[in-house]
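So that you can see what the record holds, here are the features copied from TrEMBL:
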type	residues	note
DOMAIN	11-385	domain 'Major facilitator superfamily (MFS) profile'
TRANSMEM	12-38	transmembrane segment
TRANSMEM	50-72	transmembrane segment
TRANSMEM	79-97	transmembrane segment
TRANSMEM	103-126	transmembrane segment
TRANSMEM	138-162	transmembrane segment
TRANSMEM	168-186	transmembrane segment
TRANSMEM	211-232	transmembrane segment
TRANSMEM	247-268	transmembrane segment
TRANSMEM	275-295	transmembrane segment
TRANSMEM	301-320	transmembrane segment
TRANSMEM	332-355	transmembrane segment
TRANSMEM	361-383	transmembrane segment
Amino acid sequence: MKTTKINPIDTTSVYVCAGLVSGAGALLLNVLPVLFGAFSERFGLGEHQLGNLAMAMNLGFGAFGLASLLWIHRLSWRVISALSSALVVGALVFVLRDPSYEALLAIMALAGAGTGALYALAMTIFGDSSQPERAFGFKLGIETVPGAFLLIVLPVAVAPVWGFDGMLITIATAMVVMGILPLPWVPRRSERHLEASGTAVRIASAESRTIVWLSLVASLVFLTGIMSVWAFLELMGKKTGLASDTIGMVLALGFLINAGGGFIASAIGLKVGRFMPVAVIILAELLGLVALAQFSSLTTYVVGVICFLFSIGFVLAYTFGVMAEFDLSGKLVALGALCLSLGAAFGPAIGGFLIEAFGYSAVLVFSGACSVAVLVIYGAAVLRAQWAFQRMRASGTAVMSGL
């Protein structure tokens, strides 16, 4: 447990500026539906090819997110953010030269690498907070705002006037504004010194590792199912017969509701247990998938998107909450980020394949099956956690009786 003290991280200026860096790290993933719609029209790509582009981007994200552990405490945080942002901007500018599909795969991998380094940096900065719950809650909220804003602006105000090139230049400009301009207010390095804990571990390490791995697998499966649909939500809206600006508004609204899901999960906490809240929200998500499968009206599309996107932050808050509580070594956080990137990489690839082979309904069924599997895996983790706490209480009672 961190002691309460004056911490340079816990200031409004650092929260806002580091939150913008986090937003830069999440930006490409957040605007993926609109970006893929533009790629599809500009390069004539099919769903499977778009899925492969997403996989390349997210594999780069995961690789550099994990590799960042090698330099994140050795180099200046400002230098890391500036170089990573420059890498993303350079990749976006190169797309303007109309590269081949093979070159586009490499470009998206480089862009993903830059955003992965930015996101890992933001995780490290907020992880240094003396109030991590408050810090990460703020991070979750602020990092969604730029993506939601661009989901509205790009298809409505930018694309009709400046076209594909204008969209890419706008995204590149946003990367500079969020990843470079706030750096004077971002600390150069960590000032938190880790102290060895003398507290004895009362839960068997093997048991805690099992709980952690179950929660990680649940997170990976959940995000894979989510991303298999998220990358193609704009195309699903067009199949429903909606205009691009209407789709952008709906996705932006749903994206903000996604952030709200994380905040609500934080407010509920463990007041009604760990399993029941997740079960209720996954049920709502399944109903949202059913609504999306209708392809009939704006109403069903809006209801489907809202139920679907609300579940993301809510469910992950609980699966990663279990992981954090039972990660006795504190070394598996990087694996959590890797799970996120792998899910975001393989989800769109699987989704694109299913859509081309069997239609949009197939990917919606796949996403629903993933969520049901998550409920089973997460339930097993929660059950093991309950058993562990019961044994702890029984052990404590036995000690008191002996005294």
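Yeah, the Cβs are placed from backbone N, Cα and C, and that goes for glycine too.
Automatic prediction, not curation, is the source of TrEMBL annotations.
Computed from a predicted structure; not experimentally measured.
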Feature contact check the transmembrane segment (361-383) with the transmembrane segment (275-295), CB under 8 Å, 3 or more pairs: yes
Result, the transmembrane segment (301-320) in contact with the transmembrane segment (12-38) (3+ CB pairs under 8 Å): no
For the transmembrane segment (168-186): best-contacting stretch of 138-162, 211-232, 247-268, 301-320, by Cβ pairs under 8 Å: 138-162
Reported mean pLDDT - the domain 'Major facilitator superfamily (MFS) profile' (11-385): 83
